[in-house]
Amino acid sequence: MARLRAAFPKFILVYIFGLIVIDVYITTGPLSNSFQGLLPLVFVKPLTSSIAIGLVLSLVVFPESCSYATLVTLSKSLGHACEILKITRSMLQEGGINKRIPVQEINVLKRKIIEAQTLAKQQFTFIEIEPSIGQWSGGDIKHLQEGFQDLFVNGIVLLNFHLLRQEYRSKVQRNAPKDPAVSYPYSFSLNNHKPRKDPYRRNSEAQTLASTAIYEFLKPEPESGKLEQAAFDEMGNLSQDLLDHDAVITSMKIIDSANNRKWFTSPKKSNMDVIVEQHTQALDKLKNQRERFQLRIVDRMIDPASHFFDAEGKFIHSSDGCVKILGLVVGMNYRHRIMAFTASLVNLLEHLIQLESEKSKVKFWMPVALKSLFSVAISPEPVYDDNALEKTQKIFEKKEGKLKGQKEKKGRKEKSTAQRTRGKSAKTYNNRYQQQRPRNKIVRALTSLYHWVTNSDGAFAARVVIATLILTIPGATKPGAKFCYDNRAIWAVITAQLSLAQFMGDFVFSVAMRFLGTLIGGVVGLGAWYIGAGSGPGNSYGIMAILVPCVIIGMAFRIWAPQEWMIPTLMGVATLMLVLGDSWETNYLPGLLYQAPGYGVFYHRLLLVLVGFGVAILVQVFPCPPSATRNASKSLAVVSSHITSFYADTVSDFLTKPEGAEYRAACGIRNERLTQLLTEIDALVPRIKMVKFEPSSSPFICSILLEIETCLSRILESLSTIAFVLPRLTGTYKRILEAQTYFVETETVASIIAALTALEETLRGGQPLSDVLPVPLLQNLRKIAVPPNGIGAHEFSRDILKNDDWSSFLVALMAVASLYSRIDSLVITVKEAVGEKYHVEGLLSISPEPIRSGHDIVLSHQV
């Protein structure tokens, strides 16, 4: 049962009730002269009755189908789309270039979007396995999943660009290569730096000084502020109508209207035609505004800098050989992201209007699938309970292997020969799935058995077994059998089993919450007993009267309290009912209990809980406590490894240029891997927060791990943008990108992989990083001028700026720059935690290489 709980967290209720039934046999069975197979009936009968009552109430009293709940969730999630438009509209208003970016509000909104999408994903899983009554079937509703996913993915991309502006603003304007949300005790300037004479050396000092030189170059010129502000304001004025939330409100109305129609509320056909026409007008309005924005935005942004172009729209050469195109990078990036977000909104609204016009009658829909039920039940994705840090490297590798199998399956369908299929599979997973020397079958079997017993799941199961034996062996002996039976020692066994966790952080939180729930529930139970019974044996009417408000309060906590309070709420209510029930039995069934009512019952209950906690602590801590910090850092190392693999595959696709069926298959696998990585990184946050509950000597404290997780998620954001934009670039713009960023140079690729690999090993072992690493990667951006073999100043014109290829190029350029910057920040963050080794003296005295600005156009990176 413990291994089932560890491998499949969604079976937690099966684990709990299974343990309770097993404990009845273990504690009571040895006292019987013969086998009694009906012992569990003492639990089975009340549980079955409770399930039957709950089923009847769910079907009779205010029934709510999964289809209805899913549409409610989707409608509420569109409110987040309104907030995305509101924030973007505020950022692009007059004076927005210098406006404060609400970082905290954006992060909260992103978290709400991810939570809503996670909830909707769970509901989509069950929507096809239930009968429902409504205007749309479960299949119709599930087809909306892709549209909503695209909408919110593009919405998060737009929000991330707001955060990227704040990140670059702090780095470029303040010459600070670190996140502004974190305070650091050291500050460096390239001009006033002097060699240190003290033996203590600041971590990453050489990297910080080198980065400062680059940021000083990227810092905008003071005289260019007015022109840049004017260009930014023009873009904001033109996008105000497009960023209006009328289309989102229309989508919400369509969903709410379809969800609220019952058997006798279907509108007439004439009224339905009018409603569809109104919604179609809203769709046409959005399309017209989007087309108008696309046609005019470039001209409006260039108008403040029109003196750089002649009457024919050709670029005018600068006398000093270097001209910064004011606000071009930020404007084009906003244009690209706004167009993508509104395109997703157009597609979603079109789909909703099509459903509204074609499915206008309320019908009874039968379930169409049962496969999803079993797939979600056995998936290793954890639920949010008190044992929150159970995902380990094994789960990541399982999912990576699953994606590998899917890729090989697609390759077999699209390629006729097994050789090409193996080549393609080896190309995508060349970093993690190398052919190994085959081992003997006996050796493989013994190795698998050893890992099965000694991994985190096996260790957790062994602890549960040991705790059970410690507490049940005394009950099976003659001296202790009567004592354990009379004092209900089974509750100590259950408490110890359910308190154990896979890692110390979860265990400390679990014990603290269970003890708090037991204490509060016992105190409330004492108050309820003495109020309802006084000093006498009590009566049923008084007990039931005082029990009503207690049950209501407990139900309110269970429904509306945070998820972390579920376990203490259940423990409190259980203790409350045990105090009342056992106190009643001591007066009316004196042969079953030998305890004083009220305080005596609570004292024995608390004593049993403390005994269970004591055994659980003993088993959990000795001989070696499982560290949640170590598990969290290793999980981040696995994520870093997957990001490195994703980067290698992105560069491979850029160099090999797959086409046709191979390119489509690569895109499908890339989307799956990206979605997988984003989900896993987001799921690590609540697990990392559990680290603060355990004592640890590791350099990776909770705040450092959260900062590393943020850096990895930002790196993945940049990589995802690069992966999706690079295939759209033409050969000319690919050459320009290569020359300006050295993105596919052997030295750059080797530097990135070496840095990420070193970080991965440090996260696994906690050893200090080398003083000298191939960073800062931003030094690859020192040659930012357009090269002669690309689009030179004599070819540069306003027409090129209107080209979608140019817009995609600027987005890719910004993504590559952010990738370099974020890897540099990750290296500094890890060095601040673990320190440095292998110092090389004299590097700080070497002046940084002068920045080559070229003789053509320089793209301003100020955002």
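Start at 1 and count along the chain as shown; that gives each residue its number.
Using the three backbone atoms N, Cα and C, a Cβ is placed for every residue, glycine included.
The domain 'Putative ER transporter 6TM N-terminal' annotation in TrEMBL covers 1-294.
Per TrEMBL, the feature transmembrane segment maps to 6-26 (among others).
The annotation transmembrane segment is assigned in TrEMBL to 38-62 (among others).
Residues or ranges marked as region 'Disordered' in TrEMBL: 400-433.
Sequence annotations record features per position, and here TrEMBL assigns transmembrane segment to 460-477 (among others).
The feature domain 'Integral membrane bound transporter' is assigned by TrEMBL to 487-619.
Residues or ranges marked as transmembrane segment in TrEMBL: 515-533 (among others).
Residues 524, 528-529, 531-533, 565-566, 569-570, 572-573, 576, 580, 584 of the same chain lie 6 or more positions beyond the ends of the transmembrane segment (540-559) yet place their CB under 8 Å from a CB of it. Annotation source TrEMBL lists transmembrane segment at 540-559 (among others).
With a threshold of 8 Å between CB atoms, the same-chain residues lying at least 6 positions outside the transmembrane segment (602-622) that come near it are 463, 466-467, 470-471, 487-489, 491-496, 499-501, 504, 507, 511, 514-515, 518-519, 522, 525-526, 575, 578-579, 582, 595. Among the features that TrEMBL reports, transmembrane segment is placed at 602-622 (among others).
What TrEMBL lists as domain 'DUF2421' is 623-838.
Relative to the transmembrane segment (460-477), the listed stretch 6-26 leads the set 6-26, 38-62, 515-533 in CB pairs under 8 A. The average pLDDT the prediction assigns to the domain 'Putative ER transporter 6TM N-terminal' (1-294) is 76. For the domain 'Integral membrane bound transporter' (487-619), the DSSP counts in helix, strand and coil order read 108 helix, 0 strand, 25 coil.
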